[in-house]
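Following: one structure in structure tokens, then a few remarks.
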Amino acid sequence: MTAPVHVAPRPRLGRVLQQQGALIALVVLVVFGALRYGEQFATGFNIQSLLADDAKYALVALGMTFVIMTGGIDLSVGSVAALGGVVAAQLSGAGLLPAMLAALGVGAAVGLANGVLVARYGLAPFLVTLATLLVARGLALQLADARSAVADPASGFQDFGRWSLLGIPVSFWIVLVLFAAGALALHATDFGRHVLATGGNEDAARLMGLPVDRTKVAVYVLSGTLAGAAGAFLGAQTGSVDAAAGQGWELTAIAAVVVGGTLLTGGVGSVFGTLVGVLLLQLIFNLIVFENGRGVIEISSYWESVIRGAFLLAVVLLQVRLTRRRAAPT
Amino acid sequence: MADAPLLQMRGIDKSFAGVPALTGVDLSVPAGEVRALIGQNGAGKSTLIKVLTGVHRRDAGQVELDGRPVDFGSVHEAQRAGVATIYQEVNLVPYRSLAENVCIGRAPRRFGLLDWRAINAEARERLAALDVHVDVTRPLHEFPIATQQMTAIARALSFDARLVVMDEPTSSLAEHEVGVLLDVVRRLRDSGVAVVFVSHRLDELYAVCDTITVLRDGRCVADAPLAELSKYEVVSAMLGRALTESERRGRHVGAARAAGAPTVLEARDLHRPPALNGSSVSVRRGEVVGLAGLLGSGRSETARALFGADPVTGGEMRLAGEPVAFSSPRDAIRAGLGFNSEDRKADGIVPDLSVRENLTLALLPRLTRRGVVDRGRQQEIVDRFVARLGIRMASPDQPVRELSGGNQQKVLLARWLCTDPRLLILDEPTRGIDVGAKQEIAELVDELADDGLSVLLVSSELEELINGCDRVVVLRDGETVRELAGADISEDAIVQAMAEGSAGAGEHGDA
């Protein structure tokens, strides 16, 4: 910096906690797990299954991150994943690629509907995506005849779920690449900056001449497409997709996004924070499984929800405190 | 200066839902000129600006920029044509850095990706040109309003703006910050940019503007070099008053009766910068005191400060001689104050509740016994006030939203009156209600004062102040500049004080 700085930068503890709190917690829990449960916990299989499981939540949460950064919300992702998964499984006979593309297309279509209704007609994102949640779920049930859609075992569809590279499932490599692309898009493209400006102050963004409506449509399409992909991943991993799959994914995704440091009111967010949030929430579940495996105490899996919920509350409290401080007159 | 004006708007018409907001308005600004645009609330300033900057489409008329007809369909189009707007409220994105706020939308790129190094450098340079030397990578919300406003200006200029529209850019700035901004305006003018400058602070207009356009009721009522108009003439044009002394009907008893009465509330030298810079007002028992001033003079702010709705940074208040400091409206209500806000829709009535419920809302805690509302007493009170105030309705159970504006206002008045206040603050009580109802409310206030209620009447209508008040306190730039009593209350005196402060006026009345 060459210009004299009149306002000193203030890296506050609160800010660090909000931005890096999830990462710190993740590292602490991994170390804790490795020390307490030893080799078992650290073995490749545990990590592999953990990561494979995380991939689909991560995809949904990535799309959700962008939606929330514009100040919106997408409740339809779980249903869209189910719909995408059912479609992919039913088309799996045609091969991996057509099945995947079909799932992506279905997701994009629902996302487009969400985006147009929100941006063009000014409807509340909560209501729009609640409606499409119901629609997509209904279509999935209809298509699968209220049962599971089973993938064609002869096709290469299910191989996708078994591929791994350097001991890490391919699905998770894809997730990593997509998150890197998402982070780059957020930081270094007009689209990313428009997302943050729209969520930060929509009126201002409009008056600045930014394409607010187009940006909103884009994030919902992105979210829908990624949800469709998550459904296809599920199908490839398990060989079949229950029409009732994906229930509650939207809430898991929202929780991961918020834990990762993205403000629910929009305008501030972190793509990698979301990834950390996903890993963290899944790790809590994993740790409970291991704790039960020791047989010393029995923690019901219901406690997992309680712990996740408490975590979420702590993060939201922290966010509110930070936001209030910002709103205070300077 | 160019021979043809840079901006030429002619015969602009615009109406909303059949109600004309602008009728045949002209506005022209040559390059290198600063034009003041002034008018009361609802005169059409904002509409005119929005038509110019592509937010609204005009119904009729021409807009020419540089001699070429233009028709902006969006803010973006106007921006590209070199029209930049700086709004009253800073319209930027609080969580993003200064640099991003300056450059977003046309940021420099490298290999297709945003080049943050270049973005930061450009923003730093542009802000430095406005004499702002700060860390441009910090988020906007960490900076004072003045810096944010400068950031907005830097952004506007980065579009190579040839016409800059500033809509009350100084309303949230402190005095020294205003000075910096006015310097920037002068520099813009000197570099050949045309500026439209909207402000209610006459001193600023005279400090920086070359010409002035005055709007009233959607029409252009004055268009002249500023040097040819006195402040008094500007205010007169704005308010639309003939400069003759109108007959003052006045309060029948007037100041003489109230003169001996004890002072109920006295506020001295209230400060809450930038809105309040020493406003003082006192109200005696049974007195109606008017609070006058142009927009932004601190009328409503004074009223809110008295009621404890906004904290003050300086000054003192006495209630019946005892020093008080209300930290919230709750304290003020407990001490016997009532406040009828300017916006009855937002702050007052609950539209779907009945007249009965609206009227007794503030009184409910005292009307309930073990959590159950005493319907008998409630009905008694409602009947009494409906009759007393002449509220016209089908039944007390009718939803308030179905009543006319005047009757809604009476319900609100009744709500305060039934709490038996000592002092009632009425902020623009007759705004948006018809002439007949206005008269009724005025008479009602008069009667209430005769019964011993003290009233502080905030109004932008001279007639209401002249005819309804025992004394009128005139505010200017947040400061009490004149106090008029009895026969001294005249349009002329009020306008004079609004425009020029206490200069040429006598002692502050102490009646």
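Any Cβ shown, glycine's included, is placed from N, Cα and C.
Please treat TrEMBL annotations as automatic predictions, because they have not gone through curation.
The transmembrane segment annotation in TrEMBL covers A:21-38 (among others).
The annotation transmembrane segment is assigned in TrEMBL to A:58-83 (among others).
Here the transmembrane segment (A:95-117) has Cβ contacts under 8 Å with residues 63, 74, 76, 80-81, 83-85, 87-89, 123, 125, 128-129, 132, 135-136, 151, 155-157, 159-160, 216-229, 231-232, 235-236 of the same chain, all six or more residues outside its ends. What TrEMBL lists as transmembrane segment is A:95-117 (among others).
Under the heading transmembrane segment, TrEMBL lists A:123-144 (among others).
Sequence-remote contacts of a segment are chain residues at least 6 beyond its ends whose Cβ falls under 8 Å from one of its Cβ atoms, and for the transmembrane segment (A:165-186) they are 44, 47-48, 51-52, 54-56, 58-59, 62, 65-66, 69, 192, 195-196, 226, 233, 236-237, 269, 271-272, 274-275. Positions annotated as transmembrane segment by TrEMBL: A:165-186 (among others).
The transmembrane segment annotation in TrEMBL covers A:217-236 (among others).
Long-range neighbours of the transmembrane segment (A:248-265) within the same chain, counting only residues 6 or more positions beyond its ends whose Cβ lies under 8 Å from a Cβ of the stretch, are 18-22, 56-58, 60-61, 63-65, 68-69, 71, 73-78, 81, 133, 199, 227, 230, 272-278, 280-281, 308, 311-312, 315-316, 319, 323. The feature transmembrane segment is assigned by TrEMBL to A:248-265 (among others).
Look at TrEMBL and you will find A:271-290 (among others) tagged as transmembrane segment.
The transmembrane segment annotation in TrEMBL covers A:302-322 (among others).
Within its own chain, the transmembrane segment (A:271-290) is flanked in space by residues 19, 22-23, 25-26, 29-30, 32-33, 36-37, 40-41, 46, 50, 53-54, 57-58, 61-62, 64-65, 175, 179, 182-183, 186, 252, 255-262, 299, 301, 303-304, 307-308, 311, which lie at least six positions past its ends and keep a Cβ under 8 Å from the stretch.
Looking at A:58-83, A:123-144, A:302-322, the range that has the most CB pairs within less than 8 A of the transmembrane segment (A:21-38) turns out to be A:302-322.
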